[in-house]
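Here the structure is laid out as structure tokens; the discussion comes afterwards.
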């Protein structure tokens, strides 16, 4: 499939997925387009009652009573159809075959097509259908969220617990600490590559299957690390533990999007993010005490495997499917069985996997967004630097608290609670901003404006850089009390959480249907940074000294603060010229700049026209 043709499909799917994001089209026009094409099972008889009887006398009534008067249902069907149109294997050209059709068999002719194929496509039963995840009882949602939060915590916890075992592993296998530290880097490299499998699998087969398989593989490879007889086995198994552990990081946020609407999704994602980022800082002190005890370094992996098998068991027994297209597959299967009408199907069942399209849509698309979309490129560079520092702290903190203050590894790991406290404060701050955000969302007719997320990113950037300076200039001398550099973690933790949480929300709001690809590209780059930064941190802190190494990092953090400021001022113009994010500026957005805001219609027309690949990044800037 040619790349420009893929672009046209993506643009069409984006517009189909987000009809409310284009105010130039009136609502009655949207309804006419929908009813005339694919949403209603009958374009002229939406109130007709369809009865289908099986051998037991069962009757089936229509579930769409004047569908066009239900905006929620209309939006959901728009979303499901456009998801199907952009999912791997949906493109008809990807499955063309030059071989002749096989004979039907038994001398039969090919049967005629169904009279109205759309009439056999199952949908949800109105906006309040209990099968849809957003209509689940709140208790069920909270239990699922807590279970998946723990699952995600296990994966992030495993990324850093090995750092406490680096010296012991080096001694046992006769290698330097830098070589042993590859166990951390390989795990994070697994984080970088894992989403290329788990994200498309979750769109093809639902959320439950990859989560169950991912946690099982994570647990098995964690045990393999614990019983390894040589270093290469440790490193290889650490990579695959990270590869499988990347599944909840890639899929759980999508599960929350399935269950929570715009009003409550921010709270759920905030709690999820706190589980993700607190895990790497809780692990070092636990791992430190395990390594110091009679248990030894291997039990850092045994503990991890026990945690993983618990998450695997919970997901296997209690996790229910939340992905709407897969829920409809199960519904269609039941209806086929009970009505004996084998034409009934879900839109997702029309999809066939094609390897070429898999590569195009799930690897090339994230890379194209990463390198040709200025918003994704610059934010990914900023977040990659921060994510690299997250794992660099695993080396920097021992320099201060073990090297200068002579703490044991377990006690030194407790100083990470300063960072954890800062992250909790940031999470609470974001939650307290929800009423303000909801008021702005309501005033803008329920259309989120991505730039609303950026003030928190700017404030977090200032706090993060300040924390780095504080840490460096208070941690290089033993006569300064250890609590002073520990408290610097409040600022760095606050900045880290504020930036990551709201920057990811910004990408989701800006790229809508293509948010998964934008985040996949972002995850790839920042995971590479997370894998590489720990490898040079020891040489940097030894060669430059704690204070000057921290000063250098703080200056780089300061230099990156203008990135969110730039997008706060000009982000709507950049998005208007993007082929992937043609969202409108906020109502009354003249405060952002000049008369270009009043020409949004012209900008949307420019966004709809496919650009050559080499020009896309230039035109966006």
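Including glycine, each Cβ sits where the backbone N, Cα and C put it.
Computed from a predicted structure; not experimentally measured.
Annotation source TrEMBL lists region 'Disordered' at 1-66 (among others).
Annotation comment: TrEMBL describes 33-45 as compositional bias 'Low complexity'.
The region 'Disordered' annotation in TrEMBL covers 83-108 (among others).
Within the chain, the transmembrane segment (142-167) has long-range Cβ neighbours (under 8 A, six or more residues past its boundaries) at 136, 177, 180-181, 183-184, 187-188, 191, 211, 215, 218, 222, 238, 241-242, 245-249, 252, 255-256, 259, 268, 271-272, 275-284, 286-288, 290-291, 297, 300-301, 303-304, 307-308, 310-311, 314-315, 318-320, 322, 391, 394-395, 409, 413, 534. The transmembrane segment annotation in TrEMBL covers 142-167 (among others).
Annotated domain 'Major facilitator superfamily (MFS) profile' per TrEMBL: 144-574, in sequence order.
The feature transmembrane segment is assigned by TrEMBL to 179-197 (among others). For the transmembrane segment (179-197), the list of distant contacts is 158-160, 162-163, 165-167, 169-170, 173, 214, 231, 234-236, 238-247, 249-250, 362-363, 391, 394-395, 520, 523-524, 527-528, 530-532, 534-535: same-chain residues at least six beyond its ends, Cβ to Cβ under 8 Å.
Residues 148, 151, 154-155, 158, 194, 198, 201-202, 233-234, 237-238, 240-241, 243-248, 251-252, 255, 298-299, 301-302, 304-305, 308-309, 311-312, 315-316, 319 of the same chain sit 6 or more residues outside the transmembrane segment (209-227) yet have a Cβ under 8 Å from a Cβ within it. Taken from TrEMBL, the feature transmembrane segment covers 209-227 (among others).
Away from its own ends, the transmembrane segment (233-256) comes close to residues 144-145, 148-149, 151-152, 154-156, 158-159, 162, 169, 173, 182-184, 186-195, 197-199, 202, 207, 210-211, 213-218, 221-222, 224-225, 265, 268-269, 272, 276, 304, 322-323, 516, 519-520, 523 of its chain (Cβ-Cβ under 8 Å, at least six residues beyond either end). As annotated by TrEMBL, transmembrane segment applies to 233-256 (among others).
The transmembrane segment feature in TrEMBL is assigned to 268-291 (among others).
Feature annotation from TrEMBL assigns transmembrane segment to 297-319 (among others). Within the same chain, residues 143-144, 147-148, 150-151, 154, 157-158, 161-162, 164-165, 168-169, 172, 208, 211-212, 215-216, 218-220, 222-223, 225-227, 241, 286-287, 290-291 sit at least 6 positions outside the transmembrane segment (297-319) and bring their C-beta atoms closer than 8 Å to a C-beta of that stretch.
TrEMBL lists 369-394 (among others) with the feature transmembrane segment.
Sequence annotations record features per position, and here TrEMBL assigns transmembrane segment to 414-433 (among others). Distant neighbours of the transmembrane segment (414-433): 266-267, 270-271, 273-274, 277-278, 281-282, 284-285, 393, 397, 401, 407, 456, 460, 467, 482, 485-498, 501-502; these residues of the same chain sit at least 6 beyond its ends, with a Cβ under 8 Å from one of its Cβ atoms.
According to TrEMBL, the transmembrane segment annotation covers 454-476 (among others). Same-chain residues lying 6+ beyond the ends of the transmembrane segment (454-476) with a Cβ under 8 Å from its Cβ atoms: 382, 386, 389, 396, 400-401, 404, 422, 426, 429-430, 433, 484-485, 487-499, 501-503, 506, 545-551, 553-555, 557-558, 560-561, 564-565, 567-568, 571.
Residues or ranges marked as transmembrane segment in TrEMBL: 482-504 (among others). Nonlocal intrachain contacts for the transmembrane segment (482-504), taken as residues 6+ away from its ends with a CB within less than 8 angstroms of a stretch CB, comprise 269-270, 273-274, 277, 281, 379, 382-383, 386-387, 389-390, 393, 400-401, 405, 407, 415-427, 429-430, 453-454, 456-457, 459-468, 470-471, 474-475, 519, 522, 564.
Sequence annotations record features per position, and here TrEMBL assigns transmembrane segment to 511-536 (among others).
If you look up TrEMBL, you'll see 548-570 (among others) marked as transmembrane segment.
Outside the transmembrane segment (548-570), and at least 6 residues removed from its termini, the chain residues within Cβ reach (under 8 Å) are 375, 378-379, 381-382, 385-386, 389, 392, 396, 451, 454-455, 457-458, 461-462, 464-466, 468-469, 471-473, 475, 503, 506, 540-541, 592-593. Mean model confidence of the domain 'Major facilitator superfamily (MFS) profile' (144-574) amounts to 88 (pLDDT, 0 to 100 scale).
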